[in-house]
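Trainee: Below is a structure I'd like to ask you about.
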Amino acid sequence: MAEEKKLKLSNTVLPSESMKVVAESMGIAQIQEETCQLLTDEVSYRIKEIAQDALKFMHMGKRQKLTTSDIDYALKLKNVEPLYGFHAQEFIPFRFASGGGRELYFYEEKEVDLSDIINTPLPRVPLDVCLKAPKEQQKAEATEPLKSAKPGQEEDGPLKGKGQGATPADGKGKEKKAPPLLEGAPLRLKPRSIHELSVEQQLYYKEITEACVGSCEAKRAEALQSIATDPGLYQMLPRFSTFISEGVRVNVVQNNLALLIYLMRMVKALMDNPTLYLEKYVHELIPAVMTCIVSRQLCLRPDVDNHWALRDFAARLVAQICKHFSTTTNNIQSRITKTFTKSWVDEKTPWTTRYGSIAGLAELGHDVIKTLILPRLQQEGERIRGVLDGPVLSNIDRIGADHVQSLLLKHCAPVLAKLRPPPDNQDAYRAEFGSLGPLLCSHVVKARAQAALQAQQVNRTTLTITQPRPTLTLSQAPQPGPRTPGLLKVPGSIALPVQTLVSARAAAPPQPSPPPTKFIVMSSSSSASSTQQVLSLSTSAPGSGSTTTSPVTTTVPSVQPIVKLVSTATSAPPSTAPSGPGSVQKYIVVSLPPTGEGKGGPTSHPSPAPPPTSAPSPLGVSALCGGKLEAGESPPPAPGTPKANGSQPPGCGSPPPAP
Amino acid sequence: MAALAEEQTEVAVKLEPEGPPTLLPPQTGDSAGEGGGGTTNNGPNGGGGNVAASSSAGGDGGTPKPSVAVSAVAPAGAAPVPAAAPEAGAPHDRQTLLAVLQFLRQSNLREAEEALRREARLLEEAVAGSGAPGEADGAGAETASALLSRVTASAPGPAAPDPPVSGASGSAAVSGLATGPAAPGKVGSVAVEDQPDVSAVLSAYNQQGDPTMYEEYYSGLKHFIECSLDCHRAELSQLFYPLFVHMYLELVYNQHENEAKSFFEKFHGDQECYYQDDLRVLSSLTKKEHMKGNETMLDFRTSKFVLRISRDSYQLLKRHLQEKQNNQIWNIVQEHLYIDIFDGMPRSKQQIDAMVGSLAGEAKREANKSKVFFGLLKEPEIEVPLDDEDEEGENEEGKPKKKKPKKDSIGSKSKKQDPNAPPQNRIPLPELKDSDKLDKIMNMKETTKRVRLGPDCLPSICFYTFLNAYQGLTAVDVTDDSSLIAGGFADSTVRVWSVTPKKLRSVKQAADLSLIDKESDDVLERIMDEKTASELKILYGHSGPVYGASFSPDRNYLLSSSEDGTVRLWSLQTFTCLVGYKGHNYPVWDTQFSPYGYYFVSGGHDRVARLWATDHYQPLRIFAGHLADVNCTRFHPNSNYVATGSADRTVRLWDVLNGNCVRIFTGHKGPIHSLTFSPNGRFLATGATDGRVLLWDIGHGLMVGELKGHSDTVCSLRFSRDGEILASGSMDNTVRLWDAIKAFEDLETDDFTTATGHINLPENSQELLLGTYMTKSTPVVHLHFTRRNLVLAAGAYSPQ
């Protein structure tokens with residue numbers, strides 16, 4: 001059918017003059033016009049025919065240029081003697097000239113002096129054909145995806161699909177299509193995309209950040225609660241992370257202790273949010289947190305302000321980060337340890353930094369204390385004594401040394417209590433630990449006593465009280481803040497009687513709670529503030545233990561936050577299951593061991609805790625209460641948290657089988 | 001009518017049933033009519049090789065027709081041997097008769113010639129008695145042998161009542177000559193001999209119409225078609241091009257040069273753009289004298305242009321032409337067109353466009369109906385001892401025996417007989433040697449490490465660039481195990497590179513060989529001459545550009561085909577030429593070894609493809625039927641079929657067993673330059689100068705896909721080892737990867753499509769494109785998948 005595109009088929013013929021010229025050159029002088037016309041038609045046709053054949057040779061020769069040899073071969077096809085001598089690789093050696101209305105093509109034949117040719121040095125011999133391929137690919141095994149070609153490996157432009165690096169000077173080689181198609185996975189770069197926040201998210205971000213660093217404590221608590229619990233914050237995570245790291249940077253310089261604390265609480269809240277996975281942002285967060293631990297000065301009046309609490313708190317955060325994100329590949333823990341050790345060992349380190357380093361190391365667990373802190377106790381003791389007993393140089397130094405001392409005592413005593421056999425001899429301690437010996441000794445004795453006491457009844461660890469600090473305010477806030485610190489700082493919780501782990505998922509399938517994957521580990525000695533609550537629980541436990549649903553109601557009165565949250569939760573059908581608390585989003589299971597068993601050692605739980613549905617376990621007195629008290633740990637912490645004690649039975653990590 | 005030449009010219013040499021394991025070169029024609037006397041004239045320098053052009057079964061009746069084994073005449077013009085004239089006893093009479101006829105015509109004594117011819121035919125029929133008198137005029141011409149028709153210029157049998165030179169029956173003569181272009185026109189290489197053909201062909205144009213009326217006729221028809229209903233218009237539009245061509249040629253033949261020019265000027269713009277190349281040839285053809293020896297023109301004349309039109313549309317056309325008394329056009333339709341009428345809905349424009357484009361229209365539906373055994377042959381079982389050895393090898397490498405079950409599964413799979421596979425011994429295949437078995441084991445091992453490809457796991461491509469080739473690289477091949485690369489160059493050399501650290505070594509001289517201890521274990525190592533080790537070996541022997549190269553599967557031989565008309569077999573042990581196969585007298589464009597070795601196929605400018613065995617210096621089969629150069633030839637994976645792609649824009653599939661053409665695929669709009677079979681043998685992919693890749697279902701004979709993307713000739717095509725990916729390399733300096741699984745996934749192979757051949761191509765070729773990889777300035781001449789599915793590509797850097 002009619003194609004709109006007109007073909008360009010011109011029927012060009014040679015001018016008849018050329019026939020005359022050719023005839024004349026052959027010695028035929030008079031040639032008739034009519035003959036010329038016939039000849040031109042014929043010659044034009046034959047030339048076209050040959051050209052068409054020559055094209056065939058060009059195509060078969062895989063070329064895009066017609067060469068003189070193609071014409072020779074076409075002539076040969078027609079049984080015509082080829083025109084020898086017209087060889088040219090790249091062009092047809094005709095020159096064009098025009099003038100006087102005539103156009104002329106001629107074959108340029110210069111006169112050359114033979115002696116010139118003879119005397120000139122020979123031209124370079126043209127290179128021979130060679131085969132080239134990227135070297136590494138020749139050896140490559142096809143089982144593995146090939147690495148990208150090295151740049152310049154293949155001079156004429158390797159296939160661009162293989163390597164972005166292999167772009168030769170000529171940019172044409174770029175791939176036309178964006179390469180979602182590249183084969184080598186290692187080479188696959190995700191397109192950089194900027195995630196736009198929606199207007200709502202922007203508003204939220206603004207509100208949250210303002211509240212977190214604002215002056216209203218209530219608002220802040222709410223904001224942190226939101227960060228710690230709301231799902232779907234991942235899009236804002238990079239912003240939060242940047243906010244925190246930038247905020248720390250600015251406020252350290254300005255010595256704005258309060259803001260630093262607020263920012264650390266944000267970090268804590270972010271870490272507590274089970275829907276967020278911080279690994280991608282750890283590189284931003286760790287420096288910020290570390291700064292808050294070891295910075296020389298964090299507040300305007302170091303002698304008065306309690307920046308020590310911030311250091312403690314941040315140290316716990318770092319420990320938590322280590323636990324969650326340290327792997328054999330990124331080596332976060334060892335890198336952090338190295339940093340702390342380096343700054344501690346340095347003679348010139350100020351007391352503030354020294355304190356932070358020790359706190360940071362101590363929080364990393366008993367093993368770290370044992371290997372890194374204990375050997376240096378004597379040396380450190382001398383240094384402290386030098387400050388405390390020596391001439392009063394600076395009040396600040398004195399306070400610092402004092403804090404370091406109490407810090408060392410606090411962390412080392414429980415470890416020593418475990419390591420050394422009971423008869424605690426002041427002299428032995430002095431011999432081993434130098435000036436700190438006697439103090440240590442008394443602390444160890446105290447720790448032992450406490451452990452024994454704790455074994456008998458749930459008990460507040462002495463150490464928790466020793467901390468006067470903002471943490472206290474934190475821990476009073478009805479959000480997770482206190483909990484993990486409580487757990488973490490329980491090196492003293494050798495005495496920790498029991499930890500029970502409950503998988504809500506395994507326990508109560510029918511429950512309507514959206515994030516059912518929460519594991520909550522509650523230790524009875526978690527913190528000072530919760531001690532009360534735990535005690536009340538433990539008292540109520542025996543009563544409620546017999547019935548499955550009652551614990552909620554019985555416990556409700558005892559603790560404020562629980563009341564609130566449970567009541568909201570109970571609006572959901574709690575009766576669906578025998579586990580009334582099943583309807584609640586989160587559970588806290590506090591199981592208390594029979595008094596006798598605590599002594600057996602904090603290390604082992606007598607048996608896996610029963611699921612909450614069957615809370616009144618015959619094995620242990622379990623109290624079950626629902627509540628949002630704990631913002632909850634993300635799944636991994638459950639097994640991880642107990643590690644703080646270094647002695648959690650692995651059995652707790654998995655959802656317990658039904659008894 | 002005998003439109004398609006292949007039906008006559010296929011070499012119908014049957015296998016000797018109990019012959020040695022080879023296809024024997026033709027010795028006797030198998031036609032029933034003759035006793036075989038006088039057919040054994042296979043003179044060694046017969047130039048064209050001996051075409052036993054026996055009769056193929058006629059279109060109707062299937063009665064044995066008188067057929068003549070033609071010895072293609074030697075170039076020197078040796079007296080044509082009248083092979084097996086029907087007269088049992090009087091071959092010489094016949095020869096004389098023919099000579100007289102020839103003379104009469106040259107002397108312009110028409111009447112005398114006619115009279116004699118009429119008599120001669122009567123005589124012939126009387127004597128032979130097997131002239132299939134009842135044939136319809138359509139099929140009759142098939143009986144004509146080339147030689148006979150060359151001389152008589154008229155169909156012997158069917159058109160008897162008509163005066164031979166008059167229009168209608170003249171066409172029969174023409175079609176009788178369908179053998180002309182393929183066999184005698186080229187094979188018998190002397191151009192002068194074409195002339196009788198040409199004049200015979202042209203005589204068809206003798207009918208005189210009023211030259212000034214042609215334009216009117218054409219525009220009248222055009223008006224009619226453009227005003228017809230939409231559903232018919234697309235179909236009837238197919239008529240434009242053949243009518244245009246034939247009317248133009250008639251004008252030219254009858255020496256109405258000016259009318260012809262103006263006719264061309266006026267209407268050539270209406271033709272579809274894919275006929276541009278042909279139109280260009282036509283446009284230069286303005287004189288009757290030009291028509292002699294013009295191949296394109298001969299193609300038009302000797303083969304009927306095939307159109308597929310629904311019955312309704314055809315009736316419409318017929319009614320119109322009869323109403324208008326438009327005899328001129330009606331004659332052309334009757335004589336030069338083959339209208340393949342089908343019942344049912346007319347096809348849409350898209351459906352038509354997909355299938356047209358070839359030089360001679362679409363393939364007839366019957367042409368693709370025969371059964372093709374496209375399944376794979378059963379893999380030979382490898383004996384246990386070898387397997388154990390292999391197992392030990394595995395253990396030595398420190399790999400446990402976990403491969404074992406896998407290998408078993410492979411074995412069991414291959415034991416299953418594919419229902420579509422040909423019988424194992426359909427064509428005799430060479431026995432497996434021990435080294436072949438070892439190679440098979442290696443192959444299996446590699447297979448276990450093969451990367452599974454898919455849209456999400458694309459292969460890596462390693463590009464081998466030929467530097468300093470000065471645009472001279474014309475052919476590339478890579479061994480199956482990817483250890484050697486061969487390049488054919490325009491400077492007549494063939495170069496072989498080793499791409500593994502193992503260098504190429506040749507065998508020692510005979511004197512040195514005699515010193516070797518033949519009992520030693522490493523005798524195979526000792527015979528190699530360390531001094532000759534090099535990465536590159538150059539093979540000299542051709543005297544023209546080397547257009548085709550192919551390694552034998554066992555890597556002991558290399559084939560190369562060249563412009564000088566020979567195919568050469570080289571030994572890769574000694575790096576010398578072993579045999580030069582002469583047969584194509586014109587450039588040989590491509591050659592390829594059978595996947596089982598021993599056989600190879602070649603195709604060239606003489607429009608035929610030939611099947612050879614390495615130990616025969618003459619071809620075993622000649623596949624004739626293409627109307628233009630055979631550009632590329634490929635063996636089916638089961639070695640029972642050969643596919644050829646041609647400049648006539650068709651792809652044909654030939655049966656190696658009997659030389660029949662079993663498939664004709666039309667749809668390409670340009671000369672076909674690359675072919676590849678899918679590993680499972682079911683599909684064929686073809687690439688042409690138009691930059692499109694078409695996919696074909698061999699079993700159903702249907703086009704199943706069209707891959708658009710390349711902007712220039714597709715030079716190379718290859719499926720991945722498991723057939724998931726199709727890679728195509730092109731002159732536009734790109735390699736493209738296509739999702740073959742998806743392309744073949746939802747095939748319309750329902751009965752309707754199969755029966756009618758109407759295809760609806762999915763318009764999703766862009767979705768199938770998985771990747772495009774550009775080189776800087778290197779046309780991709782060859783592609784190869786290693787056994788582990790890494791792509792190797794090769795080409796010569798050509799600075800712009």
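Residue 1 is the first one shown; counting continues down the chain.
Cβ from N, Cα, C; glycine included.
So TrEMBL says this about it:
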- B:32-50: compositional bias 'Gly residues' (COMPBIAS)
- B:384-395: compositional bias 'Acidic residues' (COMPBIAS)
- B:407-418: compositional bias 'Basic and acidic residues' (COMPBIAS)
- B:209-337: domain 'TFIID subunit TAF5 NTD2' (DOMAIN)
- B:1-68: region 'Disordered' (REGION)
- B:153-173: region 'Disordered' (REGION)
- B:384-436: region 'Disordered' (REGION)
- B:466-507: repeat 'WD' (REPEAT)
- B:539-574: repeat 'WD' (REPEAT)
- B:581-612: repeat 'WD' (REPEAT)
- B:623-664: repeat 'WD' (REPEAT)
- B:665-698: repeat 'WD' (REPEAT)
- B:707-739: repeat 'WD' (REPEAT)
Trainee: Using DSSP, break the repeat 'WD' (B:623-664) down into helix, strand and coil residues and give each count.
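Mentor: Going through the repeat 'WD' (B:623-664) residue by residue, I get 0 helix, 24 strand, 18 coil.
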Trainee: Along the repeat 'WD' (B:466-507), what average pLDDT does this model show?
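Mentor: PLDDT averaged over the stretch: 89.
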Trainee: Under an 8 Å Cβ to Cβ limit, what residues of the same chain, 6 or more beyond the ends of the repeat 'WD' (B:466-507), are close to it?
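Mentor: Contacts with the repeat 'WD' (B:466-507): 439, 442-443, 446, 513, 527-530, 532-551, 553, 555, 558, 560, 562, 564, 570, 572-575, 781-782, 784, 786-787, 790, 792, 794-798.
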Trainee: How does the repeat 'WD' (B:581-612) divide up by DSSP, counting helix, then strand, then coil residues?
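Mentor: Final tally across the stretch: 0 helix, 19 strand, 13 coil.
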Trainee: Which residue counts does DSSP give the repeat 'WD' (B:665-698) for helix, strand and coil?
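Mentor: The counts are 0 helix, 19 strand, 15 coil.
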Trainee: By a Cβ-Cβ criterion of under 8 Å, what residues six or more beyond either terminus of the repeat 'WD' (B:665-698) are in contact with it?
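Mentor: Tertiary neighbours of the repeat 'WD' (B:665-698) are 274, 277, 354-358, 361-363, 368, 372, 374-376, 420, 628-629, 631-638, 643-653, 704-723, 726, 728, 730, 732, 738, 740, 743-744, 747, 749.
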Trainee: Across the repeat 'WD' (B:539-574), what are the DSSP residue counts per state (helix, strand, coil)?
Mentor: 0 helix, 19 strand, 17 coil
